[in-house]
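Now, the feature entries from TrEMBL:
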{"type": "ACT_SITE", "residues": "Cys269", "note": "active site, nucleophile"}
{"type": "BINDING", "residues": "Asp31, Lys36, Thr87, Thr126, Glu162, Lys272, Arg332", "note": "NAD(+) binding site"}
{"type": "BINDING", "residues": "Phe159, Leu160, Arg161, Glu162, Lys211, Phe258, Met259, Arg260, Pro261, Gly262, Gly266, Lys325", "note": "substrate binding site"}
{"type": "DOMAIN", "residues": "318-421", "note": "domain 'UDP-glucose/GDP-mannose dehydrogenase C-terminal'"}
Amino acid sequence: MARISIFGIGYVGVVSAACLARDGHDVIAVDVDAGKIAAINAGLAPIVETGLDELVEEVVAAGRLRATDDVQHAIDATELSFICVGTPSAEDGSVGLGYVETVCRDIGRALARKDGRHAVVIRSTTVPGSTEGTCIPALEAASGKRAGADFGVGYYPEFLRESTAIKDYYDPGLIVFGALDPATAETLTALNAPLGCKIHAVDLRTAEMVKYTSNTWRAVKVTFANEIGNIAKSAGLDGQTVMEILCSDSKIALSPYFMRPGFAFGGSCLPKDVRALRHMAAANGTATHLLDAVLEANAAQIARAEKMVRDAGHSRVGFVGISFKPGTDDLRESPLAELASRLIRAGVQVDIYDPYVSEAYSSGHSAAGRGNDVIPDLKDRLIDDLDRLIEGAGAVVIGNLYNETVSRLEEAAANVPMLDLTRLNRRLVSGGRYQGICW
Ligand SMILES: NC(=O)c1ccc[n+]([C@@H]2O[C@H](COP(=O)([O-])OP(=O)(O)OC[C@H]3O[C@@H](n4cnc5c(N)ncnc54)[C@H](O)[C@@H]3O)[C@@H](O)[C@H]2O)c1
Ligand SMILES: O=c1ccn([C@@H]2O[C@H](COP(=O)(O)OP(=O)(O)O[C@H]3O[C@H](CO)[C@@H](O)[C@H](O)[C@H]3O)[C@@H](O)[C@H]2O)c(=O)[nH]1
């Protein structure tokens with residue numbers, strides 16, 4: 001079993017830390033957010049994610065996971081560090097490496113005072129060349145040591161999806177890493193061996209590129225499915241049925257994931273990673289006709305939904321779901337939040353039912369605190385009682401589906417105008433008071 005420090009207790013860091021601790025490793029989580037450190041040490045998850053509350057409670061009680069802001073202690077007490085800090089878009093769409101660079105410098109300074117061997121592995125999403133061009137120079141400058149010789153370096157992307165993060169952690173679609181030195185490659189191979197999945201050991205930059213290719217492919221699939229859905233609807237057809245039949249073609253083996261026509265894609269990863277890849281390509285003088293169109297079409301899908309709602313002409317609208325997908329409290333680049341904000345700016349009264357976002361507020365998570373930056377007065381708009389939301393609304397926008405809401409919404413569909421962006425059930429097709437975005 002290894003002693004591992006995880007830098008960044010966000011959606012990736014906390015899930016990785018808890019899963020590694022459950023697997024028997026001794027894990028120290030490091031963050032600059034005192035609230036997250038306190039939550040972990042109290043045995044509480046700092047985000048809303050299925051199964052995470054129980055897991056964090058279990059591993060903290062077992063003494064295998066603890067959190068600190070003491071970088072030197074975390075480096076001295078472990079032999080492997082994972083960097084899981086954010087890489088948000090810079091203003092020009094390029095990848096923001098500021099947090100990664102800072103944490104590399106922090107780790108480098110601690111490595112300068114450490115004698116034993118240590119490996120630093122980046123798990124944040126960074127464009128090809130970032131590990132070599134930004135992380136390694138920062139680590140070497142701060143430590144006065146040589147990467148690959150005096151300490152190990154790897155790039156090992158994470159592919160988990162929020163809402164199914166723990167399940168994805170144990171059942172990844174693929175495992176790929178790049179390592180500067182054989183010892184780090186061996187460590188990462190051994191760590192992944194229990195998962196029983198093929199391991200692709202490549203160079204650092206190829207591993208970085210695979211991560212962007214994965215997210216870009218998902219964005220392309222969603223955009224293609226949505227466009228077919230929009231076209232099908234314009235011909236009076238059901239776009240979801242069309243895509244389901246297409247996906248049954250065993251010869252071209254299309255996975256049905258990300259192929260269901262509906263609303264725009266969003267979240268903290270797909271939009272920012274498509275932008276970053278596009279920016280990198282432009283810097284290399286390479287055209288990105290498809291990626292340009294993906295971003296344009298995705299923005300148009302939000303405008304399409306906005307037009308549907310505004311054409312319906314209601315002054316008060318109830319949203320079912322506001323986070324970027326069901327099962328998470330994450331509001332980052334949520335297309336539903338963007339749609340709601342536009343309606344609010346246009347003078348529409350917007351009420352919101354979202355059990356995950358409400359839970360984030362009631363648990364005092366720091367992500368909830370940022371909610372009002374995304375939607376004015378978000379906290380005051382949240383309604384925990386679905387009946388109350390439906391009764392007060394001129395129309396209901398179904399953005400995310402939750403098991404407990406299905407039968408109540410089906411019942412309400414008979415009387416209340418509904419704009420469905422996800423699909424309440426397959427029997428419903430547009431007509432009368434009910435409108436689906438692609439069916
Ligand atoms: N969210 C996902 O589902 C997901 C999945 C795979 C990969 N990724 C990638 O992983 C990275 C992290 O994403 P996230 O969603 O977990 O981010 P996040 O914003 O939820 O968490 C990042 C954490 O890093 C902390 N941090 C910032 N600076 C720090 C420092 N100097 N020292 C220690 N901690 C510091 C922040 O306080 C925060 O808690 C990004 O590059 C993202 O693209 C995300
Ligand atoms: O059929 C689909 C599936 C997803 N989406 C949308 O696509 C976006 C992203 O969803 P998803 O990929 O499930 O969530 P993330 O948690 O953002 O995960 C993506 O981004 C992570 C961060 O890089 C990667 O680790 C994951 O592999 C990658 O799926 C969301 O707006 C979804 O609503 C669709 O519109 N249609």
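A Cβ is built for glycine as well, from the same backbone N, Cα and C atoms used for every other residue.
TrEMBL entries are annotated by machine, without manual review.
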Cβ under 6 Å from ligand 2: qualifying binding-site residues of Asp31, Thr126, Arg161: Arg161
Lys272 (NAD(+) binding site): tally of other CB atoms within 10 A of its CB: 23
For the domain 'UDP-glucose/GDP-mannose dehydrogenase C-terminal' (318-421), the number of residues DSSP places in helix, strand and coil: 48 helix, 16 strand, 40 coil
DSSP state at Lys36 (NAD(+) binding site), helix/strand/coil: helix
Cβ contacts of Pro261 (substrate binding site) (under 8 Å, same chain, 6 or more positions away): Ala225, Asn226, Ile228, Gly229, Asn230, Ala232, Gly239, Gln240, Met243, Ile437, Cys438, Trp439
The one of Thr87, Thr126 whose CB sees the fewest other CB atoms within 10 Å, among these binding-site residues: Thr87
Distance-selected binding-site residues near ligand 1 (C-beta under 6 Å), from Thr126, Lys211, Met259, Lys272: none
Of the binding-site residues listed as Lys211, Met259, Gly266, the one whose CA lies nearest the CA of Glu162 (NAD(+) binding site): Gly266
Lys211 (substrate binding site) in three-state DSSP notation: helix
Between Lys272 (NAD(+) binding site) and Gly266 (substrate binding site): CA-CA distance (Å): 9
Per-region confidence, the domain 'UDP-glucose/GDP-mannose dehydrogenase C-terminal' (318-421) (mean pLDDT, whole number): 94
Spatial neighbour of Arg161 (substrate binding site) that is closest, considering only the binding-site residues Lys36, Thr87, Thr126, Arg332 and their CA atoms: Arg332
Spatial neighbours, same chain, of Cys269 (active site, nucleophile) - Cβ under 8 Å, 6+ residues apart: Thr125, Asn215
Lys211 (substrate binding site) and Thr87 (NAD(+) binding site), Cα-Cα, nearest whole angstrom: 13
